[in-house]
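Annotation comment: TrEMBL describes 64-156 as domain 'Endoplasmic reticulum vesicle transporter N-terminal'. Feature annotation from TrEMBL assigns transmembrane segment to 81-100, 308-329. Feature annotation from TrEMBL assigns domain 'Endoplasmic reticulum vesicle transporter C-terminal' to 168-330.
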Amino acid sequence: MGCAERHFPAAGGEWRVASVGGRPAGAGRPEEALAAGSDPRGAAAGLACSAPTPGGGGTMPFDFRRFDIYRKVPKDLTQPTYTGAIISICCCLFILFLFLSELTGFITTEVVNELYVDDPDKDSGGKIDVSLNISLPNLHCELVGLDIQDEMGRHEVGHIDNSMKIPLNNGAGCRFEGQFSINKVPGNFHVSTHSATAQPQNPDMTHVIHKLSFGDTLQVQNVHGAFNALGGADRLTSNPLASHDYILKIVPTVYEDKSGKQQYSYQYTVANKEYVAYSHTGRIIPAIWFRYDLSPITVKYTERRQPLYRFITTICAIIGGTFTVAGILDSCIFTASEAWKKIQLGKMH
């Protein structure tokens, strides 16, 4: 049965048909229906059916708001408490602290390191650049020389390319500064008087090493490695006629910045010994030896910044988790306080 007509019982047990379009007596208002001997509920139903529906067509329109899972509670139905206010303030301060901490970590560049077995600088032609700066305060510059030799057969005495000798103590001493290259095989280079035209009697090899580095110089603050492990080594109080052996283990090192640019350097560990060496003629010929060998392990440092999606995920976890825990805590405190109030009221009665 539609809204065009309605059957309802009349007085005396008979059924009447009320036409909505014609509106017979008693079909308008409930009072009229009572006056006409009709059931007012039928008249009300007729009025409900005759009312126009939104949008026409007799059906309710689709309401997009039914997808709202965050239903709003009227403000009048909520109850503020002092405990809830304290928890809310503490919650907001805690969220702010964690947010600032995560923001600092997101902005700061992180340097991570890894180890692998490989030759990182394959374009170097099997060479390693070396920078040496050493002072010998009791040996004349004309007697100081640099010798280089390795297992590939290289034997160079008195290397002078890219080197400089600076007189010290009014010419009584010498400061040697040089840049040279060595092969990527075990070998040594040493400062001695071997290249001098005439060998001095009892040369004094006390010295101070200002710098000894391999490869590129890394100008970064986040990496604290042994790139100049011998820098500052002072042997001024040692035996003047003693030879010094510095045994170096060189570790290839790669530094890659955020743009992908790589720098190749070398760290090294060092062990040293001091001894008096005699030649086949019985003379003492001291020298400062740097014996090196390369490690097959390469250390790589890479600059990285936290991805944006990870930062957003962390912030959402902080906010959501903090509010959830704070809500549980507030609910427990409120429930306990209400129960305590009821217990107190029960004692009073």
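Every residue gets a Cβ built from N, Cα and C, even glycine.
Curation plays no part in TrEMBL annotations; they are all automatic predictions.
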Sequence-remote contacts (6 or more beyond its ends) of the transmembrane segment (308-329), Cβ cut-off under 8 Å?
87-88, 90-91, 94-95, 98-99, 102-103, 106
Under DSSP, the domain 'Endoplasmic reticulum vesicle transporter N-terminal' (64-156) has how many residues in helix, strand and coil?
39 helix, 26 strand, 28 coil
PLDDT averaged over every residue in the domain 'Endoplasmic reticulum vesicle transporter N-terminal' (64-156):
89
